[in-house]
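Take a look at the structure set out below.
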Amino acid sequence: MISSKNLTSVMLSHPTGTLKGSIKLPASKSEANRALIIAALSGQESELHNLSEANDTQLLQRLLRSDAEIIDAEDAGTVMRFLTAYYAVTGQQKILTGTERMCQRPIKVLVEALKELGASIEYMGEEGYPPLKMNGFSGNGKRNLKVRSDISSQYISALLMVGPLLPDGLELELEGKIGSRPYIEMTLSLMQHFGVSATFEENTITVPHQQYKAATFHVESDWSAASYWYSLVALAREADITLLGLREKSFQGDRAIVDIMDRLGVYTAFVEEGVKLSKKNPERQVSYDFSDCPDLAQTVVALCAGLGVTVEMTGLESLRIKETDRIQALQIEVLSMNSSLQEISPGVFRLEPGIITKDELSFRTYQDHRMAMAFAPLALLEPVQIQEPSVVRKSYPRFWEDLEKVGFTIAHEE
Ligand SMILES: O=C(O)C1=C[C@@H](OP(=O)(O)O)[C@@H](O)[C@H](O)C1
Ligand SMILES: C=C(OP(=O)(O)O)C(=O)O
């Protein structure tokens, strides 16, 4: 598999521009990682099917079985945040760390909330950031907390999942804008699937003390991964692509890609085995709010630069603290296509596409899987070099092999 090799780059091209085939997408790492944490908290044997082969999920599975004192969450945000709450409330003494980038991704909101609930946690480096030293749980903390919800929804999800184990349950009052809200709803849906009820009214989520029950859960295909296939279809000369294992009713907010791409040239038909994508005419100018689906922003920026569509975007705040500063990475990389991405007023970004003048494009990936997968579809326009292609292993390890299945030629560069 290309993503398991240490290649400096891959060179992609497509001889015909016509895409035809059925693709088995990876399973959602977001759903899988919630199911794993909840199953571990239930203390009972649940049956989890179609767990993602994404590194983020494989890693969490390994770490939940590990009795090591030092736990390395690598570059996986959900793993870092969910395990912080998990170790805190189960009273495990651990050192939790991650990649250099993970130690620059803030975690203060979560740590301070857990401390109020009765956890003893120390910052081993800079205050507010990993690595963390988890020193146990007293259990006599507060029950009602106010938490900021405008930085990362993963803090809220992490707290909610441990909520039923707390002696008096948990009441969270969310303060500020609720970013990535569908991920919070996904957490509550998964909790419900494992027998725990909670209420979400206005800005307050209440989780009474309860016991999780064992359950069988089948992880759905990943809608975020689907977004790259939508982009491929939009850029293809002709396309008939079926994405397997996606459902019309999904726990995942990134299902929003269906409506986003409807305006960018892709028609979706829900069929028995998943979705069938075909081409339609794109609009010339679009605007989107990515507050509910931040992981789709890179797909849309790269595609619009390729299609020559102007796009105005809001809701991008959280992109600065993900695998890389995604806004900065996008601003740099679209330049090679003579496009520009600028903040035209506070919080409003506009991509102005230009004419591609190079006969070969090259993109850096900034240790971010989504940079690689968002820019790869441009190889339907000109040959594209993607640097450090192994980054895709975080969420979609077989991405390059799936491109080969629909006729891409991929040359490896050591
Ligand atoms: O809870 C989750 O599974 C995720 C929540 C989102 O993060 P933020 O809540 O930090 O925006 C998303 O970007 C990430 O890929 C997965
Ligand atoms: C932001 C992402 O992941 P995480 O925050 O879980 O590292 C992502 O997969 O795009």
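A Cβ is built for glycine as well, from the same backbone N, Cα and C atoms used for every other residue.
In the three-state DSSP scheme, Asp295 (active site, proton acceptor) is classed as helix. Under a cutoff of 8 A between CB atoms, and with a sequence separation of 6+ in the same chain, the neighbours of Asp295 (active site, proton acceptor) are Ser224, Ser227, Asp254, Arg370. Annotation comment: TrEMBL describes Asp295 as active site, proton acceptor.
Feature annotation from TrEMBL assigns phosphoenolpyruvate binding site to Lys29, Gly77, Arg105, Gln154, Arg326, Arg370, Lys394. Sequence-distant neighbours of Lys394 (phosphoenolpyruvate binding site) (same chain, six or more apart, CB under 8 Å from its CB) are Lys29, Ala54, Asn55, Asp56, Asp75, Ala76, Glu323, His369, listed in sequence order. DSSP classifies Lys394 (phosphoenolpyruvate binding site) as helix under the three-state reduction.
Under the DSSP three-state reduction, Gln154 (phosphoenolpyruvate binding site) is assigned to helix. Non-local contacts of Gln154 (phosphoenolpyruvate binding site) by the CB criterion (under 8 A, 6+ apart in sequence, same chain) comprise Gly77, Thr78, Arg81, Phe82, Leu110, Ser180, Tyr183. Per TrEMBL, the feature 3-phosphoshikimate binding site maps to Lys29, Ser30, Arg34, Ser152, Ser153, Gln154, Ser180, Asp295, Lys322.
Positions annotated as domain 'Enolpyruvate transferase' by TrEMBL: 16-65 (among others).
The domain 'Enolpyruvate transferase' annotation in TrEMBL covers 68-403 (among others).
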Q | Sequence-ordered binding-site residues from Lys29, Arg326, Arg370, Lys394 with Cβ under 6 Å of an atom of ligand 1 | A | none
Q. Those binding-site residues, Arg34, Lys322, Arg370: which ones have a Cβ sitting under 6 Å from ligand 2?
A. Lys322, Arg370
Q | Cβ packing number for Ser153 (3-phosphoshikimate binding site), 10 Å threshold | A | 25
Q.
For the C-alpha pair, I'd like the distance in angstrom between Ser153 (3-phosphoshikimate binding site) and Arg105 (phosphoenolpyruvate binding site), rounded off.
A. 13
Q: Tell me the residue counts in helix, strand and coil for the domain 'Enolpyruvate transferase' (16-65), as DSSP assigns them.
A: 25 helix, 11 strand, 14 coil
